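To start, the structure under review is shown below, and the notes come after it.
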Amino acid sequence: MGAGVRSRRGQLFLRSLLFLLLAGPPARRPVGGQLRYAVPEELEHGAFVANLGEDLGLDVSTLSARRFRIVSRAGARQHLEVNLENGILFVNERIDREEVCEAGGTCLLHLQLLVESPLELYRVEVEVLDINDHAPTFPWQEYVLEVAESAVLGARFPLESAQDPDVGTNSVHTYRLSPNGFFSLEVQTRSDASKFAELVLERALDREQQRVHRVLLTALDGGVPERSGTAHILVTVLDANDNVPAFDQPSYGVSLPEDAPPGTLVIQLNATDLDEGPNGEIEYSFSGHAPPRVRELFHIEPRSGQVLLKGRLDYERASLHELYVQAKDRGPSAVAVHCRVLVHLLDVNDNAPEVTLTSVSTPVLEDAPPGTVIAVISVLDRDSGDNGRVSCEVGPNVPFELRSSFRNYYTLVTTQALDREVVPEYNVSITARDMGSPALLTRSTLTVPVSDVNDNAPRFLQPSYSVYVMENNAPGASICSVSALDPDCQQNAYLSYSIADGHIHGMPVGTYVSINSDSGHMYALRSLDYEQIRSFQIQVQAQDAGFPPLSANVTVHIFVLDQNDNAPVIVSPLPHNGSVATELVPRSARPGYLVGTVSAVDADAGLNSRLSYQLLQATDFTLFSVAPDTGELRTLRSFLEQDATRQQLVVQVRDGGQPALSATVSLLLSVVETMPQTLSDFSEFSLPPEVSSSSPLTLYLLVSLGSISFTFLLAILILTAIRCRGERRSRQGDSCSPPRCHCCPGSRPASDGLKTSNLTAQPPAGTTAATCLDVPAGGPPGYCYKVCLGPESAQSDFMFLKPCSPPRNNEKDPGKRSRPEQHLQVSKEVKQPNTDWMPPSTQRPTLKRYQIHPCSNSGSRWKGYVRDGEVISNTALN
């Protein structure tokens, strides 16, 4: 088996080689603006056909990038292929011309070549040349021919034709007859150029001498090398029959529409015989010339001579059928006579157009420019004339159109920009309609999916996010979730979330919050404190996974909600030696007398920092009351003789939070007949360390302000020194002028008092002019305080003291010595709490602590507290 195959392949190779040597290289002939090549059939895989790259003038190096290819109909065998490396057209699989083209004539392979960027279409025809690979064959190996001994010389007897699938010179070219003494051979040509043979009687027959004659018929083709086929003819000599049948005419012609149904009468033949009886009865049949295809399509009634349609006709396969009919009587030694019937078929519009869709670039990118080729469409109608002329169009409301490239070839191209987010897929209806009557049409639908391009940035569902988080949250708790949408698809729509770099109060934002990159859930990484940070904002970015990636940002505002987590802090009075605060109250105090003020602060905000004061415990509730809003402790009535001289009070300060937090302070009030010459003492106090702490930003600002203040202070000191020198020169002989108070009931501005005072005042840098304060009723008589308070002072302590000797006349008369008015200045200011967490101004007391040195030699000093320009308590210091 293997040896036989190799032998056959070798023979085919030698024949093809011989053909090429005789025919020359494949031809390249321009026909109607297209290329045409010729190639013999039966070439092996890889055989060279043509160099398309060179013939079409294409750059071979760009063929692969431009997707150069052959566009063929779906399901069609790909006999030829292009090598993209060199542009050579080669045989992809063996071509059998007899299989590709059933009918005779020229056999063409139509190739549609396409190259992109830019789009170019080429049409190439490859003619498949026949090689002599088939030998003629006869339907039968032995053929019996009956001839009457009375046959006249020159009588002709048609013989069975040989069949050869090859065409042209490779088909049956001639016949030969073996030598004999009675018959010769004449070769006839049909209308389709095929050959058939007739046996001609050359010598009279004598049945008594020889009943049977044997001859060999040989059919020869015109190929190189020549091939042949043989058949044996057995001629039987019959007794004489006086008359033979005769047809009305030797040839008949008839026209028949191709859509005629089986059973249709094609023609009624008529032959006559002058004999009577069986010798005059005629039978009709196909002669040996009739090809097998004719016997499949037509049928002859033996007795009536009617030729009936047996099979389905097809004009596109064969437009003419040639029937050879013989007639002979039923008598002995009957001789057959022949006639020819030509059946012409009429074309009918019975073939709808065939639409073949060849995808070129699907799916198509949504950013493809107008004119991008989507598919190549071929339309074929097997009918002829107007029945085979076809028009093609696409359905409405689609961004595509058809452009004719070659006859019956169209390209489907885009007419406008596509948007996958609007229409992700198109169903393009293509209608092909012929010009027949009635017209036939074919509709075909091409699905064109649109491929996504990363042309849409993510979009957050909200322009910004506001998140409210209660302080003291658990670290790691989810605080909110952000979400963005991307109308793109697949990886172009896959979003990842991240937090932009930044700082919150000097710390990286990543130490405060984190975000899940997939879901957008945000988490607090630390417990937030409203008293430290009330709000902050971060930038969240959503980025897709496309190339190049697109992103969008959104601002997330995080507001920390206050929680009542700070109890009120008593700032005045403070317990003396950690027990209770003491105060002296004169027994002569009238109702409404201000004993003192309880002051507190709360680091919370809003209702949580709104403080209320109440008297929680008291020795006698009818004697004292506390203002709920200000904390002022006042007498309700005058003191009676039976009232205790020591009154124990407990004042509670409560905030407005839920639940409310509170603080208490214990006060010990001593009722005295006369007030000592001291200021009452609510003891020194200091703010909690956490209150006095300031942020680095405040520190930076204070350093800057301190530098400016220092420069200003230096200038003031220099001016003051110059002024003091002038005053000393004017007071030669007096150690100190009599002190005068300019801020007691006279209430002159403090600046005027300083001009005439013997106390040198050096206000600190950054402070305002001195403020004049009077001792409240009940304080030590005869004292006038001049207190220089900087309303904005927060962190500096200043001492402005200048001792002054008393007048000499007072020393000489100690009995008449009266207590002079004392001009005093503040020696120390208390640091104020950070206003970021202080309560509202209506509830925030302004407290300043001072030490006062009188201009006398008594050696007494005073200290106390001042709120809003009023001395609220004072105590003598020794």
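Don't overthink the numbers, they just go from 1 along the chain as shown.
In case you wondered, yes, glycine gets a Cβ from its N, Cα and C as well.
Caution: TrEMBL annotation is automatic and unverified by curators.
The annotation signal peptide is assigned in TrEMBL to 1-23. The domain 'Cadherin' feature in TrEMBL is assigned to 39-138, 139-247, 248-355, 356-460, 461-570, 585-691. The annotation transmembrane segment is assigned in TrEMBL to 697-722. Sequence annotations record features per position, and here TrEMBL assigns region 'Disordered' to 804-844. According to TrEMBL, the compositional bias 'Basic and acidic residues' annotation covers 809-831. Annotation comment: TrEMBL describes 832-844 as compositional bias 'Polar residues'.
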Test of understanding: applying the rule of at least three C-beta pairs under 8 Å (pairs 6 or more apart in sequence), is the domain 'Cadherin' (356-460) touching the domain 'Cadherin' (39-138)? yes
Of the residues in the domain 'Cadherin' (585-691), how many are helix, strand and coil by DSSP? 7 helix, 43 strand, 57 coil
Under DSSP, the domain 'Cadherin' (248-355) has how many residues in helix, strand and coil? 10 helix, 47 strand, 51 coil
When the pLDDT values for the domain 'Cadherin' (139-247) are averaged, what is the result? 86
Please work out the helix, strand and coil residue numbers for the domain 'Cadherin' (461-570) from the DSSP assignment. 7 helix, 52 strand, 51 coil
